[in-house]
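Only one structure is covered here, and it is reproduced in the block below.
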């Protein structure tokens with residue numbers, strides 16, 4: 001090899017041997033080359049330099065030079081890459097903004113063809129229009145979130161505050177703290193103020209009289225209900241006077257209380273089964289009942305003449 005030959009020459013020079021010529025044969029690319037080294041100052045310098053700095057292949061030097069040139073180019077380009085390129089801001093005119101806003105109100109997500117038409121109308125590029133719609137949608141979503149947060153913070157919002165009035169304003173005379181301890185007495189209720197009843201000029205305590213039946217009806221029903229129980233111990237004259245009293249009070253009751261249209265049919269006499277074989281026994285029993293209840297049928301006649309609705313009102317449940 002060439003390096004081995006150079007080492008031998010340098011060793012001979014150091015030992016003081018001065019060879020006339022040294023032949024070194026080495027193979028490279030299937031070729032045999034002959035290298036001659038003569039004893040000259042140039043050869044000695046070259047041998048000494050090759051001892052401390054080994055000789056490199058000429059192809060390697062070219063590769064190193066090309067790599068160094070690339071490194072220098074990269075080092076020169078690094079500062080430019082580190083600097084961030086400044087984007088150019090688009091300044092929209094009032095007409096362009098009006099056109100874009102009108103389109104945004106109609107359609108917040110325009111497609112490619114719509115954006116191209118808007119770009120033609122506004123004299124802008126499609127990319128500028130796309131970026132504007134993207135920013136406008138982000139601003140719209142932010143505003144919607146802020147409005148929802150304000151509604152949640154303020155309850156139902158100012159538009160519902162007028163509909164919901166506090167109870168203290170509606171009933172100023174009613175105390176909510178002591179009502180359970182004092183109880184709902186008639187005196188406490190009479191002193192409280194109720195706007196609903198005051199507007200109608202109605203006393204809350206007198207509402208019971210609006211729905212309660214008249215005293216005459218109740219007394220009439222009581223007297224009529226007590227009659228059958230006391231029939232047996234009362235003579236006939238007293239029963240006749242009581243019957244006359246009922247007859248006198250019934251027309252006055254009908255004239256005082258207006259009776260609505262009765263949905264029930266008038267009462268019909270009950271069906272009585274008559275057996276021809278036992279007619280004699282039935283007639284005897286009927287006569288016996290008539291003698292025992294001497295005035296009872298005349299007392300029940302006024303009640304039987306009433307309709308179904310009047311009978312339901314007169315008779316207690």
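Glycine is no exception: its Cβ is also placed from the backbone N, Cα and C atoms.
Taken from Swiss-Prot as is:
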{"type": "DNA_BIND", "residues": "85-144", "note": "DNA-binding region"}
{"type": "COMPBIAS", "residues": "35-48", "note": "compositional bias 'Basic and acidic residues'"}
{"type": "COMPBIAS", "residues": "60-73", "note": "compositional bias 'Basic and acidic residues'"}
{"type": "REGION", "residues": "35-99", "note": "region 'Disordered'"}
{"type": "MOTIF", "residues": "279-292", "note": "motif 'OAR'"}
{"type": "MOTIF", "residues": "285-289", "note": "motif 'Nuclear localization signal'"}
Completion exercise
Using DSSP three-state counts, the residues of the motif 'Nuclear localization signal' (285-289) come to 5 helix, 0 strand, 0 coil
Fill in the blank from the handout: For the motif 'Nuclear localization signal' (285-289), the averaged pLDDT of the predicted model is 81
